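Peer 1: After the C-alpha cells below, expect a handful of questions from me.
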Amino acid sequence: MKKLPKWIREWLPIIAIALVLSFTIRTFVVQAVYVPSTSMVPTLQVNDRLFIEKISNPENFQYGDIVVFAPPIQGNKDLFIKRLVGKGGDTIEVKHGFLYRNGVKIEEPYLKEAMNYDFAPVHVPANHYFFLGDNRNGSFDSHLWPTPFVEKKAVIGKGIFLYYPFNHMRIM
C-alpha cells in the first residue's frame with residue numbers, strides 16, 4: 001500500500017479536528033443566520049447577519065429578545081426571526097394599535113408605527129411562545145398563523161450579535 005505524502009499526513013488531523021469543532025460549535029453553541037425579509041425592520045434589515053446563541057434555555061429568555069425558531073406552519077422549512085412578546089401563561093392582545101400582555105399596555109420604542117389591526121386575547125399555553133416582528137404591519141408572525149404559538153422545542157436560539165453590515169455591528 002502506498003504511503004500518503006507527508007504534507008497530507010501532517011494536515012489531515014488538523015483539518016479533521018477543525019471540521020469536528022466547527023460542526024459541534026454550530027450545532028450546539030453559536031450559529032450565524034441572515035435576515036431574509038422586512039419583518040424585523042427597523043431593528044434588522046434585509047440581509048443583515050447575526051449570531052444566535054443556542055446554549056440558553058428558552059425559559060430564561062426575556063420579553064423583547066430577538067429569537068430564531070421553526071414556526072408552526074405546515075410544510076415550512078425556513079427559520080423565522082422575531083421578537084418574543086409572550087410566554088406560557090401570558091394573555092396576549094392587540095387593541096387600538098398596541099400590544100397588551102396580561103392586560104398591561106407594553107411600551108415598544110423599537111416600533112416605527114402602531115399596528116393597524118386588532119388581535120383578540122389569546123392565552124399562551126405552557127412551554128409555548130408568542131412572537132411578533134418589529135414591522136408589525138408587514139410581518140408574517142404569530143398574529144396571522146392558524147396556530148399562533150411556537151413550542152419550546154422549536155426554538156433554535158437567541159440573537160446576541162449583529163455582525164454584518166460592519167457599520168451596524170452591535171450587541172443585541
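Quick reminder: no glycine exception, Cβ is built from N, Cα and C everywhere.
Annotations in TrEMBL come from automatic prediction, not curation.
Dumping what TrEMBL says about this protein:
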DOMAIN    8-163  domain 'Peptidase S26'
ACT_SITE  Ser39  active site
ACT_SITE  Lys82  active site
Peer 1: Tally every other Cβ atom lying within 10 Å of the Cβ atom of Lys82 (active site).
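Peer 2: A 10 Å sphere around the Cβ of Lys82 (active site) contains 24 other Cβ atoms.
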Peer 1: How long is the line from the C-alpha of Lys82 (active site) to the C-alpha of Ser39 (active site), rounded to the nearest angstrom?
Peer 2: 8
Peer 1: Quick one: what's DSSP say for Ser39 (active site), helix, strand or coil?
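Peer 2: Going by the DSSP assignment, Ser39 (active site) belongs to neither helix nor strand, so it counts as coil.
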Peer 1: Helix, strand or coil at Lys82 (active site), per DSSP?
Peer 2: strand
Peer 1: Taking the domain 'Peptidase S26' (8-163) alone, what is its mean pLDDT?
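Peer 2: A mean pLDDT of 94 is what the predicted model shows over the domain 'Peptidase S26' (8-163).
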Peer 1: Can you name the residues of this chain that are 6 or more positions from Ser39 (active site) yet have a C-beta less than 8 Å from its C-beta?
Peer 2: Phe80, Ile81, Lys82, Gly133, Asp134, Asn135, Gly138, Ser139, Phe140, Asp141
